[in-house]
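**Student:** OK, TrEMBL features for this one:
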type: DOMAIN; residues: B:4-79; note: domain 'TECR-like N-terminal'
type: DOMAIN; residues: B:154-307; note: domain '3-oxo-5-alpha-steroid 4-dehydrogenase C-terminal'
type: TRANSMEM; residues: B:84-106; note: transmembrane segment
type: TRANSMEM; residues: B:165-183; note: transmembrane segment
type: TRANSMEM; residues: B:195-214; note: transmembrane segment
type: TRANSMEM; residues: B:255-280; note: transmembrane segment
Amino acid sequence: MAAASATAVAKGNGGGGGRAGDASGTRKKKGPGPLATAYLVIYNVVMTAGWLVIAVGLVRAYLAKGSYHSLYYSIEKPLKFFQTGALLEVGIVPSSVVLTSFQVMSRVFLIWAVTHSVKEVQTEDSVLLFVIAWTITEIIRYSFYTFSLLNHLPYLIKWARYTLFIVLYPMGVSGELLTIYAALPFVRQAGLYSISLPNKYNFSFDYYAFLILIMISYIPIFPQLYFHMIHQRRKVLSHTEEHKKFE
Amino acid sequence: MRHHVEILDAKTREKLCFLDKVEPHATIAEIKNLFTKTHPQWYPARQSLRLDPKGKSLKDEDVLQKLPVGTTATLYFRDLGAQISWVTVFLTEYAGPLFIYLLFYFRVPFIYGHKYDFTSSRHTVVHLACICHSFHYVKRLLETLFVHRFSHGTMPLRNIFKNCTYYWGFAAWMAYYINHPLYTPPTYGAQQVKLALAIFVICQLGNFSIHMALRDLRPAGSKTRKIPYPTKNPFTWLFLLVSCPNYTYEVGSWIGFAIMTQCLPVALFSLVGFTQMTIWAKGKHRSYLKEFRDYPPLRMPIIPFLL
């Protein structure tokens with residue numbers, strides 16, 4: 001679900017999380033002023049670079065170790081830094097704040113409240129699954145925004161952004177769900193983030209049950225976001241085709 | 001001189017209905033009734049008629065000849081969707097918490113462990129809380145039936161599901177903890193409970209006083225709006241400082257209840273309620289300012305001097 005942030009909020013051509021001043025290819029909308037544009041370009045370039053660092057880190061670790069297991073540790077710090085940094089996008093994006101923050105919060109939740117908090121899952125292969133999905137998605141997404149801001153968007157990037165999600169989104173969702181599932185027994189055992197009665201605030205919280213509810217929530221949410229993106233793809237890519245005819 | 005009225009669909013511009021020989025002093029309400037005759041599935045409450053497809057809805061009281069139309073008036077129709085009366089919604093959303101809380105209070109089976117079925121709490125505050133919570137919702141039900149005068153007859157049907165989920169859900173969540181066998185009474189004991197009860201009672205009286213004052217502002221069957229002012233009742237003096245003292249007192253009641261029960265879910269419910277009521281109060285305050293040029297400048301929407 002979090003892996004979909006690439007285009008899940010794409011309304012028309014830009015949409016949500018980190019759309020950061022996306023100028024849609026055809027209609028010239030009133031864009032941000034020069035100072036805001038500079039800020040947005042820098043932001044998007046830095047984020048693209050950050051996720052490239054993560055990608056390179058994964059490849060190097062794989063080559064050094066000779067296996068794809070436990071690669072999480074080699075990119076743990078940049079992953080936390082750049083994914084958490086995406087919180088900055090929530091304020092500056094023109095589109096729905098609700099949708100953007102929902103996307104970013106779910107990613108941040110997975111990184112901190114699951115993977116970081118439950119050390120035992122850090123060696124799970126499912127972690128690699130969502131990290132790869134997120135990495136590829138974000139590199140494409142942030143470069144898309146960068147190029148859009150500079151009014152020079154290569155068709156390849158646009159195509160990649162609106163096509164690769166078809167595979168990356170389910171891949172990311174699988175990784176996320178498997179990771180949460182793997183964390184469950186350890187949460188139960190340690191009573192992680194849970195509080196039981198009696199206590200003076202007359203409140204209880206069962207993190208184990210909460211995680212199960214989160215997993216169940218993927219069932220109604222994932223199809224909606226996925227099919228929304230498929231719909232967006234048809235709109236955006238067919239629109240570009242029409243314009244290509246006139247070249 | 002009689003008018004003709006044609007009604008078009010606001011989205012498709014399709015001609016839905018043509019009414020000839022309509023009296024010039026006919027109201028929109030009467031036109032809606034005529035429209036229903038040809039399209040019975042669109043009862044008046046779900047009709048929105050406007051002069052412009054994207055414009056504002058015309059009011060039921062508007063008179064045909066006073067509108068900027070010629071002898072043939074063109075009205076655009078928009079379906080508001082299934083409607084439900086405000087009274088029905090209020091009664092349902094308030095009856096739920098009343099009933100649900102009692103299920104937990106009496107420790108009906110399958111909520112707590114079997115050994116607790118139909119047992120009673122040994123803490124006085126738990127019994128007091130039940131009385132307060134029940135009183136609160138009985139008061140709301142009675143006010144809905146006998147006190148409030150609603151501007152709108154209906155609201156969209158989906159609201160009842162949304163509203164009931166909120167009220168019933170929170171009621172169950174709070175009641176679960178307060179009536180739990182492992183409930184912990186307030187840290188400062190009877191002192192805390194007495195203070196909290198005083199806050200609760202004062203705010204309930206205040207809230208009721210405001211509801212009565214607002215009712216008296218508006219004659220039966222009318223939809224007039226006037227600026228509310230303080231009356232002889234001291235509880236209404238809060239009107240000097242806020243536009244919506246009913247909301248102020250409501251938040252106060254729930255804060256009282258939270259202190260009385262020392263229960264975090266109650267505090268959270270108060271916070272969510274406060275947020276929603278603040279939004280409503282700000283809206284109401286804005287409407288007052290727009291409608292009345294002489295609106296008292298000292299007043300804030302919900303919290304004196306602050307918010």
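Using the three backbone atoms N, Cα and C, a Cβ is placed for every residue, glycine included.
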**Student:** Quick check on the domain 'TECR-like N-terminal' (B:4-79): DSSP residue counts for helix, strand, coil, in that order please.
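**Tutor:** Final tally across the stretch: 17 helix, 28 strand, 31 coil.
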**Student:** Which sequence-distant residues neighbour the transmembrane segment (B:165-183)? Criterion: at least 6 residues beyond either end, Cβ under 8 Å.
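**Tutor:** Apart from its flanks, the transmembrane segment (B:165-183) reaches 93-94, 96-97, 100-101, 103-105, 107, 111-113, 116, 119, 121, 123, 126, 129-130, 133, 261, 263-266, 269, 272.
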**Student:** How about long-range neighbours of the transmembrane segment (B:84-106): same chain, 6 or more residues beyond its ends, C-beta under 8 Å?
**Tutor:** 118, 126, 130, 133-134, 137-138, 140-141, 144-145, 148, 150, 152-157, 159-160, 163-164, 166-168, 170-172, 174-176, 178-179
